[in-house]
Amino acid sequence: MTLWTVSPPAVSSEAEEKPVQDTVSLTAADQTWQVCVPLPIAALDFAAPHGYVGEVPLGCRVAVPWRGGEIRVGLVVGAGSSMGRHRLREALALLDSPEAPWVAPGTARGLTAWAEEAHLPPGLVWDDLLCTGWEPAHRHEVRAVPGADLSPYGETLPDTDWSRADLYPPALLDAAREQGLLDDRFLPDPPQVNRVVARDLNDVPPAARTQVVVTAQPWEAADPALCTPPHWEAVTGEGALTAKQQQAHDWLRAHGPQPSLGAWASGAKVGLPVVRKVADLGWAQEHPQAVPPPPAWKWLREHGPVASPAAWASAAGVRPAEVRRLMEGGAADYTFTPVTPPAAWAWLREHGPAETVSAWATGAGVSPSVAAGLLARGWAAQVQMPAPPPELPAAPLWAGPPLDELTALAADALPEEDRWRLHGGRPASRFAALAPRVARLLAQGRSVLILAPDHATLRRAWAGLGGLAALAGTRAALLSGQLSPRQREEIWRQVRAGDVRLVIGSALALSAPLPDLALLVVLEEGSDAYKLLSGSRAFVPDVAARVARSLRAALGLVGSVPAVESVPLPGLVLAPPRARVHVVDYAQPPAQPELGPLSSVHLTPGDLGYPISHDLARLLRQVQERGRQAALLAPRRGYSALLRCPRCDHVPGCPNCDVPLRFHQDRRQMECHQCGHHQSVPDRCDECGEQMWKARGPGTEWIAAEVEKLLPGFPVYRLDKDHQDDLAPLHAGEAGVVVGTQLLLAQPSPPNLALIGVTLADTWLGVSDFRASERYHRLLRQLAEWHPSRAPLLVVQTFQGDHPALKVLETGRDALAYPAAEERVRAELFYPPHARLAQIEVAARDRDRAKVAAQALADALHGAGAVATEVLGPAHAAVARVRGAYLYQLLLRARNDARLAELLGVLDTRSWGARVRVDVNPRST
């Protein structure tokens with residue numbers, strides 16, 4: 001029974017101000033729970049369910065009342081304040097056992113704490129990062145409290161017996177619930193599936209398992225008129241006979257008994273009245289006489305039963321009338337006989353149940369109509385049964401050293417600190433260095449979680465480390481958004497049960513309830529793919545670090561190159577893979593001979609070739625001549641970044657955003673890559689009327705067209721968000737060139753890859769972001785190690801051939817060289833890791849309104865004590881207008897998290913007249 005007096009749930013201000021507790025232990029009478037629901041709101045305070053005894057069940061799911069009588073599933077993330085408990089609504093029921101919470105309590109604490117530190121509603125973050133459990137398989141039932149009168153609430157309401165809650169209006173149930181007149185319970189209701197099963201033979205309807213046939217009956221038991229018909233015999237009578245009568249009597253005496261008066265008269269050649277008079281005078285009497293069975297009966301006795309009288313007559317070669325006479329006389333009759341069970345039924349008995357009638361038909365080798373007919377006649381039935389566990393990705397086999405070698409202390413060269421890093425080498429060598437640590441922890445009975453930013457990295461990690469679990473006597477699970485909801489639920493069940501202790505997955509795996517988590521590994525921690533593009537816009541490595549700290553688990557950062565923020569950590573740097581780099585420096589053509597034998601001294605900037613330089617063109621021709629493979633990295637999708645009028649330099653732009661429209665030649669469309677607006681290419685310039693357009697900024701479509709002209713007849717493929725050719729021929733080893741965006745790196749490397757070309761590297765540098773050069777360096781490292789064993793020639797076309805991010809790769813420096821240099825620069829300029837950043841975005845449909853609100857926010861920050869170095873801006877965003885909204889930004893820089901929280905607290909002091917959004921640790925500034 002639930003007892004409360006206030007219907008709408010309210011956010012507790014005390015709970016917002018209170019820090020997350022490490023241990024939560026209150027008596028049931030005092031308990032309030034902080035509950036997150038998957039909505040962009042703060043955690044809500046609810047009283048514990050009526051009669052609940054125990055500690056606050058951190059990480060457990062709970063059913064809570066919601067607006068309009070709706071029931072929602074929430075997650076207990078902390079203890080609320082006991083003040084004002086009597087005003088709170090009670091949670092309806094706890095859906096998980098506190099001994100097996102849906103999320104590890106440490107994860108619940110850590111993730112919620114990170115959301116509060118990031119100035120984000122925890123419900124929004126949980127909605128992004130908890131991939132299953134918000135719609136649990138429970139059946140909600142209600143009943144009236146004994147003695148309660150629910151008639152004032154309506155006619156259709158439950159009585160004192162449990163019944164399904166969905167039979168009643170939710171609002172009426174909620175009204176009765178508020179007054180303590182209703183009991184709720186939630187019973188496990190596992191998913192059901194329809195299956196086709198074979199019925200037991202005795203359960204098959206008699207009409208289906210028997211058939212009506214015509215069967216010969218014993219001849220002696222037939223109607224006497226049929227088997228012993230009366231016959232007329234001559235006897236001595238009294239009285240005189242006429243001559244005709246005497247003739248008839250003499251014939252009968254001579255020829256024996258006759259079956260009828262007619263047969264007698266016919267044989268004696270007299271009329272029927274004559275023989276009848278002889279009989280009347282007593283000179284003939286009727287006596288029964290057995291007759292032999294007719295041929296038709298004998299045939300049926302030997303060959304029967306038959307399906308019908310007509311079939312009998314036809315097979316026996318007699319008239320239907322003869323058959324009717326025998327059946328009417330009881331010499332044959334309809335009988336029921338068991339039929340031979342159909343072969344399809346026997347197959348289903350042995351191999352069933354079948355998922356569908358079609359699957360049954362296919363397995364039994366019959367047509368679907370035959371199977372459907374058997375189902376209709378009752379040989380099979382469609383039933384609901386608990387759904388079987390879904391098939392999960394199979395863990396790969398471990399091909400490395402045995403467990404005893406892996407777990408030897410000498411095999412583990414990684415630091416023992418709480419936070420460490422491992423970078424350099426190729427993916428295989430990094431996994432080989434990580435494997436001893438993972439194997440040792442799994443062998444100790446502890447758990448390991450490995451996060452990957454994208455499907456390509458996830459696929460490599462699963463192949464390289466997934467086999468360690470079986471080696472250590474446990475199981476591994478692959479958890480990502482590519483799995484179905486049922487697969488994710490099954491993995492969650494196995495993890496909660498302790499069957500799985502190694503999880504390798506995407507950001508969705510961060511909240512997996514692994515028992516006794518010892519190590520949380522973040523692969524490629526600097527990858528922008530970890531940044532959620534909507535919702536909370538969380539940067540997953542930041543959340544992972546907070547969760548690892550809350551769980552007291554070690555945090556390992558592993559990748560091709562460390563993020564600059566990771567440089568201060570202790571770690572291991574592997575020797576870099578061999579890289580062959582050739583730079584085409586558009587800015588310094590006379591220096592080209594120094595870069596390699598491919599260039600010529602006479603080249604000028606205009607002669608170098610664009611978007612495919614002469615050097616790259618020569619190499620592509622060699623690829624064609626030798627039947628090899630090449631990959632070209634384009635800076636953008638589509639044909640070009642923009643179209644420009646050659647007369648007045650007018651550039652068609654998006655009507656909703658302050659960006660040029662991208663040109664897609666294959667569709668003859670211009671498209672905005674911010675809002676999706678698209679339109680056809682205008683015939684003339686809107687400004688001057690010029691008919692000619694000039695494309696600027698080559699994309700994948702343009703570069704692919706150039707390659708096709710350069711290499712006629714050679715296979716050319718495209719791979720970007722808009723156009724994805726089938727690369728199966730390349731992966732099978734066939735020659736060709738693929739042109740794509742960074743989506744290429746999500747694919748396995750073609751096996752015979754000989755050349756990689758970066759068509760314009762400056763695109764990654766020409767971004768107003770302090771991380772631009774770091775991204776550029778990471779991209780070059782990833783390209784250099786893309787092939788798992790070979791070192792394809794990497795050709796970089798650029799106007800900045802002496803950029804340090806490129807030079808360290810060209811000169812063979814290790815993976816730490818450039819990030820370490822960048823870290824020293826950031827220390828001087830007060831940027832991460834030596835500062836904490838938060839970007840505040842102010843948006844409004846009116847430009848002046850957005851600008852005024854942004855300035856007011858900056859003034860408030862300065863008024864609260866922020867110094868000039870802590871607040872940069874306001875300034876309009878890099879894209880000043882998106883989807884009709886004008887954007888202004890401020891960048892906050894603080895020395896630590898506490899100071900950043902103080903600055904962000906200013907946002908809560910008033911309303912700003914515009915939409916304000918906070919992005920802590922932004923990935924683009």
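Cβ atoms here come from the backbone N, Cα and C positions, even for glycine.
Per Swiss-Prot, Zn(2+) 1 binding site is recorded for C645, C648, C685, C688, and the stated evidence type is sequence analysis. The Zn(2+) 2 binding site annotation in Swiss-Prot covers C654, C657, C672, C675 and rests on sequence analysis.
Within the same chain, residues at least six positions away from C648 (Zn(2+) 1 binding site) with a Cβ under 8 Å of its Cβ are C685, E687, C688, E690. When the binding-site residues C645, C657, C672, C685, C688 are compared by the number of other C-beta atoms lying within 10 angstroms of their own C-beta, C688 comes out lowest. The least crowded of the binding-site residues C654, C675, judged by other CB atoms within 10 A of its own CB, is C675. A Cβ within 8 Å of the Cβ centre of C654, C657, C672, C675, the residues given for Zn(2+) 2, is found for these other residues of the same chain: P655, N656, V659, L661, H673, Q674, G676, H677, V882, R883.
You'll find the Cα of C672 (Zn(2+) 2 binding site) roughly 18 Å from the Cα of C645 (Zn(2+) 1 binding site).
According to its DSSP assignment, C688 (Zn(2+) 1 binding site) is coil.
Here the CA atom of C645 (Zn(2+) 1 binding site) lies 24 Å from the CA atom of C675 (Zn(2+) 2 binding site). DSSP gives C657 (Zn(2+) 2 binding site) a coil state; it is part of no helix or strand.
For C645 (Zn(2+) 1 binding site) paired with C657 (Zn(2+) 2 binding site), the C-alpha to C-alpha distance reads 20 Å.
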